[in-house]
Amino acid sequence: MTVEIRRPVALVILDGWGINPVCEHNAVCQADTPRLRALLESWPHARIGASGRDVGLPDGQMGNSEVGHLNIGAGRTVYQDLTRISLSIEEDTFFENTELRKVMQQVVESQGKLHLMGLLSDGGVHSHMEHLYALVEMARRAGVEQVCIHAFMDGRDTPPQSGAGYLAQLEDKLQDIGLGRVATVIGRYWAMDRDNRWERVEKAYRAMTEGVGTSFESSAAAIADAYAQGQTDEFVEPRFVGGEKPCTVDDGDGMIFFNFRADRAREITRTFTSSDFSGFSREKTPRLAGYVCLTEYDASFGLPMAFPPETYPELLGEVVSRAGRKQLRIAETEKYAHVTFFFNGGSEEPFDGEDRVLIPSPKEVATYDLKPEMSAPAVTDAMLERVASGRYDLIVLNFANPDMVGHTGVESAAIAAMETVDACVGRVVDAVLNAGGSLLITADHGNCEQMADAKGAPHTAHTSNPVPVILVDPDRTGVKLRNGILADLAPTLLELMGIDKPAAMTGRSLLEPS
């Protein structure tokens, strides 16, 4: 039987919506979500692997938004930068990297300092400590005499007060290698902003360049003082280590940013490298011997990168475009890069026939537990307007709330976030069905389905749980969905659209005829 091709086909991504059989401290379970529950009861659904090897990460590694959207858009399991870089260390090719060797040689020649900055974490979302250790060892081999480490504290992808342990591990490792010192300790809230909150970035920048902030004799003392003041890792106010002689960024120094994820690396990189920077007034602009990004943060930067991006032919967006179909990407600021840049394989450029809608995320609150609805109602309004236009064949929509509010660790707020998203999903489903379309509702990784750890403390990180997928299509009521992985979503969408799957897509459609 020939199935009618419905349009639009909507991919609705509930960011951070995972499956957890335990209801306690589970915002998904605790929330009153009548529309999502009805969808799960009435329409075909299955489970999707969104972590570890299923998305090209190491075994057991939790998924994240960048990895999730990259896998979804590629229609294949994508070998992630974390795995790629770690493998190069194992194989010793890391220590022959051209750009890393070059900046270290420049520092030796200028008799400057080498600054290594990034997220001190083994969370594997933005960085990994093993990469930092390899850089210090490489600097030792290269003859670099001074290595200064600017340690950005995590607390989102790791427990909120795990930073003290990570700093202790780092200090032990530096002792073993015989090179390097911690120069600054800064919460990621300040150093890794991605929403143009330049007042935050300025505090981190001034700590690194001018030594502005409280001085401590050791990294252990710095983090202990932060905890004593009620600051968890993410929010540790910039402080420098070394007493009278802070290890600041000066003329002739070199810098390596060891984060491999792009979105939260752009602003601080722009602050150090842009000649026409306007985010704030820089009191000091060091003339650097070199600046190397571990991966490509933004193609427009034109900066050296140790691991250039890999290309992925025949992405979902490209295949839809070549078929002459129109597509839309829509999200609020916090997830806009994910439905555009990451979904398109790390490319900023839209495909022909691809439109984009950006709804600003709230700026009037410091953390989203204070506004758990975020901009979801406005995103929904914009979505419904575009559905009504009848222009689009494929719409990719992201609701940020379950992830961004989940990261705060405030369970009541995460429950409110899920209830907001439930109402918004209901409006979207009604509009798409009324327009003659169909939907796949899913997530990129888990988060808010676990809001406390085993000890009952707030859980602010992603999870390695599977995520749901629901097919809402009145013409396919007899279809069953099989369990799969994120890479299977693109082939499924193409089948719903009546477009042949390209050879480069190794994912398989989730549709199983009954």
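Every residue number used here counts from 1 along the chain in the order it is shown.
Heads up, the Cβ atoms here are built off N, Cα and C, so glycines get one too.
Taken straight from Swiss-Prot:
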BINDING   ASP15, SER65, ASP444, HIS445  Mn(2+) 2 binding site
ACT_SITE  SER65  active site, phosphoserine intermediate
BINDING   HIS126, ARG156, ASP157, ARG188, ARG194, ARG261, ALA262, ASP263, ARG264, LYS335  substrate binding site
BINDING   ASP403, HIS407, HIS462  Mn(2+) 1 binding site
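Sequence features annotated in Swiss-Prot and their locations in the structure.
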{"residue": "ASP15", "record": "Mn(2+) 2 binding site", "Cβ within 10 Å": "27"}
{"residue": "SER65", "record": "Mn(2+) 2 binding site", "Cβ within 10 Å": "28"}
{"residue": "HIS126", "record": "substrate binding site", "Cβ within 10 Å": "25"}
{"residue": "ASP157", "record": "substrate binding site", "Cβ within 10 Å": "22"}
{"residue": "ARG194", "record": "substrate binding site", "Cβ within 10 Å": "17"}
{"residue": "ALA262", "record": "substrate binding site", "Cβ within 10 Å": "23"}
{"residue": "ARG264", "record": "substrate binding site", "Cβ within 10 Å": "22"}
{"residue": "ASP444", "record": "Mn(2+) 2 binding site", "Cβ within 10 Å": "34"}
{"residue": "HIS445", "record": "Mn(2+) 2 binding site", "Cβ within 10 Å": "30"}
{"residue": "HIS462", "record": "Mn(2+) 1 binding site", "Cβ within 10 Å": "31"}
I'd like to know which of the binding-site residues HIS126, ASP157, ARG194, ARG264, ASP403, HIS407 sit within 10 A of SER65 (Mn(2+) 2 binding site) at the Cα level.
ASP403
Work through the binding-site residues one by one (ALA262, ARG264, HIS407, HIS462) and name whichever has its CA nearest to the CA of ASP444 (Mn(2+) 2 binding site).
HIS462
Just the number: how many Å between the Cα atoms of ARG194 (substrate binding site) and HIS462 (Mn(2+) 1 binding site)?
19
Listing them in sequence order, which of the binding-site residues ASP15, HIS126, ASP157, ALA262, ARG264, HIS445 have their Cα within 10 Å of that of ASP403 (Mn(2+) 1 binding site)?
ASP15, HIS445
Count the Cβ atoms, other than its own, that fall within 10 Å of the Cβ of ASP403 (Mn(2+) 1 binding site), considering every protein chain shown.
31
May I ask which of the binding-site residues HIS126, ASP157, ALA262, ARG264 is closest to HIS445 (Mn(2+) 2 binding site) if we compare their C-alpha atoms?
ASP157
Neighbour count, 10 Å Cβ-Cβ cut-off, for HIS407 (Mn(2+) 1 binding site): what number do you get?
23
Rounded to the nearest angstrom, how far is the Cα of ASP157 (substrate binding site) from the Cα of HIS462 (Mn(2+) 1 binding site)?
6
